[in-house]
Amino acid sequence: MGVEKEEGSLSPPRKSLFRYNSPLTQVSLIGLVCFCCPGMFNALSGMGGGGQVDPTAANNANTALYTTFALFGVLGGGIYNLLGPRLTLAAGCSTYVLYAGSFLYYNHYHHQAFAIVAGAILGVGAGLLWAGEGAIMTAYPPANRKGTYISIFWSIFNTGGVIGGLIPFILNYKSQAASVNDATYIGFMCFMTAGTLLSLAILPPRKVIRDDGTRCTNMKYSNISTEATEILKLFLNWKMLLIAPAAWASNFFYSYQFNNVNGVLFNIRTRGFNNVFYWGAQMLGSVGIGYILDFSFSSRRMRGFVGIIVVGLLGTAIWGGGLANQVKYSRDDVLDKLDFKSSGSGFAGPFVLYFSYGLLDAMFQSMVYWVIGALADDSETLSRYSGFYKGVQSAGAAVAWQVDTHKVSFLNQLIINWSLTTVSYPLLLVLVMLAVKDEEEPAKEAALTSTGPVYTTDAKV
């Protein structure tokens with residue numbers, strides 16, 4: 001499989017918070033890359049309809065995006081193992097610039113074709129980027145700190161959404177137009193270009209050394225036949241089948257939240273204002289669930305149980321609040337647009353709800369990534385697992401954007417989203433019970449179920 005034999009632990013490296021080849025630095029770097037690219041994409045999508053008065057073009061572009069993303073998300077793990085992180089990430093990041101540029105073009109000519117093609121190309125690139133990101137975020141950290149590292153990544157990544165929300169808020173503050181101006185799209189493109197260049201600074205996994213002296217992995221470049229075989233096996237892997245419902249649900253709600261909550265209830269400048277807090281809430285949510293998943297109990301399995309239950313209870317409360325808000329309006333009975341300055345107390349409730357949706361999104365996805373990271377320790381396996389997760393996630397998102405395009409009622413969309421997330425919780429509990437090992441269980445058992453090298457350290461495994 002193109003994997004070297006275990007070399008054992010190296011001498012512990014020089015202790016430094018900012019050591020370039022440390023897992024912390026590399027996870028922070030991939031967080032900055034995602035800050036610039038998908039972080040800005042999230043801010044663009046979060047305005048509702050890509051910042052346009054008519055969301056049809058954005059919905060169709062997103063359908064094309066998530067259709068190709070579904071395929072290349074699954075293939076992305078294999079491509080990452082073939083090309084390594086730098087080529088994979090740089091190729092993926094460059095497609096975000098094209099996508100933002102297509103909406104700059106649409107702002108003037110209102111031709112959907114360019115946006116749809118750019119969306120399809122972005123789906124290819126996003127599949128590559130997120131497979132690489134998933135491998136780095138789940139494989140590089142020590143086993144007993146994966147929740148912490150996931151929360152660090154998620155916080156840096158979502159700072160992009162916060163700043164990205166400020167761009168349309170500031171540039172459109174005094175505008176009465178229903179769509180954003182050119183400078184907004186140009187600002188997004190500048191950040192995305194910077195992220196593409198920054199991706200070249202990511203080190204390959206064999207050069208990343210943990211503080212105890214162990215390498216993250218000794219993987220060499222794989223080959224096409226091996227990766228094709230391993231990817232096909234994912235569809236029969238019982239662990240992946242249990243994760244699939246959570247993956248399908250994890251981006252399904254974006255079309256509802258962005259278009260039918262933020263896009264329908266608020267005016268253009270307030271959408272940008274809301275997105276600052278939506279993505280800021282994600283930072284808080286990821287830190288909170290990261291603490292629970294790493295520090296709440298000595299048993300790794302128990303931490304997983306508690307994390308899933310906490311997210312499940314919070315999710316039930318938030319979607320219940322969403323239902324209470326949704327019965328007040330519909331496609332045929334739209335309320336007057338809310339403004340953060342002039343709408344008074346009427347703004348507070350929908351704003352808190354939208355903030356809570358962001359909080360729940362980060363907690364849900366961080367929880368799922370933690371479970372994935374607990375299933376293996378080597379980056380080649382985890383890149384495939386992460387790719388499968390992103391592929392199924394994107395297939396669900398492609399369906400969700402078309403659900404909105406076909407004018408399914410807002411209430412039915414909420415019920416679908418609530419149901420999908422609720423179904424995933426018991427399946428994740430079963431997966432943690434059967435597949436996540438506690439620290440007292442022998443590391444030797446993990447070696448028998450892993451395709452990559454396993455190092456025995458003081459960390460919980």
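Cβ atoms are placed via backbone N, Cα and C, with glycine included.
TrEMBL: automatically predicted annotations, no manual curation.
Record features (TrEMBL):
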type	residues	note
TRANSMEM	24-44	transmembrane segment
TRANSMEM	64-82	transmembrane segment
TRANSMEM	89-106	transmembrane segment
TRANSMEM	112-131	transmembrane segment
TRANSMEM	152-171	transmembrane segment
TRANSMEM	183-203	transmembrane segment
TRANSMEM	240-256	transmembrane segment
TRANSMEM	276-293	transmembrane segment
TRANSMEM	305-327	transmembrane segment
TRANSMEM	347-375	transmembrane segment
TRANSMEM	415-436	transmembrane segment
Problem set entry | For the transmembrane segment (240-256), distant same-chain residues with Cβ under 8 A (at least six beyond the ends) | 45, 59, 62, 66, 234, 357, 361, 364-365, 368, 371-372, 385, 388-397, 399-401, 403-404, 410, 413-414, 416-417, 420-421, 423-424, 427-428, 430-431
Problem set entry | Surrounding residues of the transmembrane segment (24-44) on its own chain - C-beta under 8 Å, 6+ positions past either end | 17-18, 50-51, 89, 92-93, 96, 99-100, 103, 122, 126, 129-130, 132-133, 136-137, 140-141, 149, 152-161, 163-165, 167-168, 185, 188, 191-192, 194-196, 198-199, 201-203, 208, 275, 279
Exercise. Top stretch among 64-82, 152-171, 276-293, 305-327, 347-375 for CB pairs under 8 A with the transmembrane segment (415-436)?
Worked result: 305-327
For this session: Please figure out which one of 89-106, 112-131, 152-171, 183-203, 276-293 racks up the most CB pairs under 8 Å against the transmembrane segment (347-375).
Result: 276-293
Exercise. For the transmembrane segment (183-203), what are the same-chain contacts with Cβ under 8 Å, counting residues 6+ beyond its ends?
Worked result: 20-21, 26, 29-30, 32-37, 39-41, 43-44, 51, 85-86, 89-90, 92-94, 96-97, 100-101, 103-104, 107, 132, 136, 160, 163-164, 167-168, 171-172
For this session: Determine which residues of the chain contact the transmembrane segment (64-82) at the Cβ level, with the cut-off under 8 Å and only residues 6 or more beyond its ends counted.
Result: 2, 88, 99, 116-117, 119-124, 126-132, 134-135, 219, 221-224, 227-228, 230-231, 234, 251, 380, 383-398, 401
Problem set entry | Residue numbers, six or more beyond the limits of the transmembrane segment (112-131), whose CB comes under 8 Å of its CB atoms | 33-34, 37-38, 41, 50, 56-58, 60-77, 79-80, 88-89, 91-96, 98-99, 101-103, 105-106, 383, 386-387, 390-391, 394
Seminar exercise, completed: Counting only residues at least 6 beyond its ends, the same-chain positions whose CB falls under 8 A of a CB in the transmembrane segment (152-171) are 24, 27-28, 30-32, 34-40, 42-44, 46-47, 51, 133, 137, 180-181, 183-184, 187-188, 191, 268-269, 271-280, 282-283, 286-287, 290, 362, 365-366
For this session: Could you give the residue numbers and ranges of same-chain residues that sit at least 6 residues beyond the transmembrane segment (89-106) on either side and whose C-beta is under 8 angstroms from one of its C-beta atoms?
Result: 30, 33, 36-38, 40-41, 44, 50-52, 57-58, 61, 65, 112, 114-115, 117-119, 121-122, 124-130, 132-133, 182, 185-186, 188-189, 192-193, 195-196, 199-200, 202
